[in-house]
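Here is the structure we will look at.
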Amino acid sequence: MILVEDNQDIREALREYLIIEGYTVKEFSGVKGVSQELKQQRGDLVILDLMLPDGSGFSLLKEIRSIRGVPVLILSAKDTESDRITGFELGADDYVVKPFSPREIVLRVGALLRRGGGSEFETKRGRDEASIIEITVRGTTIVQDLDAHSLMVNGEIVEVTAAEWEILGLLLSSPGRVFSREQILDRCLGYSLAGTTRTVDTHISNLRSKLGGEGCIRTHRGYGYAIHSDQSVPD
């Protein structure tokens, strides 16, 4: 995995904990070199500090998202709601405010990888379920391949984050069923990781943009979200 942190003490502490758990860690003290590492298909997860000496962590996050769909865990001293929301809007999968426990970060890393974000990890769905889910919503064809861990929208590959992948998979598993924000948090993100239901709204907004518009995922006010196939879309 890739660790981007300018504070040497924090970086070394995290590295030691991660190595003990069996992870291989590539360290960076700033923005320089991170994008190139990802372009070479290295790293199944990125731990990213926002306040870096040679650039903006938010800008790097946007660049990471344009390159690959690896899970990104943000570390930051910025603790306002607007900072957290910005992080999730730009594609972060988790957001941890400093100071933190290195052990907690290791647990969060494991949870992110189990969601299916890394190429070597399976999704949480059982092997007896269909490996390919295909649905047409308002003329948009969505194909989620669980084995290949790929998403296609109208024949084009679309990159999504680990959190977005899990949320979409949940909605596609039961077309027409309305899932509450709390259910999505519990099944896809984990209360301990996500924090508030506002996080779900941000991920849904990002998914809608990637799927081609507002209508692909419906909001049922007071209840939650659902995907309706063209055969079952309510008026």
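Every residue gets a Cβ built from N, Cα and C, even glycine.
Features of the protein shown, as given by TrEMBL:
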| type | residues | note |
| --- | --- | --- |
| DNA_BIND | 132-229 | DNA-binding region |
| DOMAIN | 1-113 | domain 'Response regulatory' |
| DOMAIN | 132-229 | domain 'OmpR/PhoB-type' |
| MOD_RES | Asp49 | 4-aspartylphosphate |
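Sorting the domain 'OmpR/PhoB-type' (132-229) by DSSP state (H, G, I as helix; E, B as strand; all else coil) yields 43 helix, 25 strand, 30 coil.
Less than 8 angstroms from the CB of Asp49 (4-aspartylphosphate) sit Val4, Glu5, Asp6, Asn7, Ile10, Gly57, Ile74, Leu75, Ser76, each of them six or more residues away in the same chain.
Note on the domain 'OmpR/PhoB-type' (132-229): mean pLDDT across this stretch is 85. Applying DSSP to the domain 'Response regulatory' (1-113) sorts its residues as follows: 51 helix, 23 strand, 39 coil.
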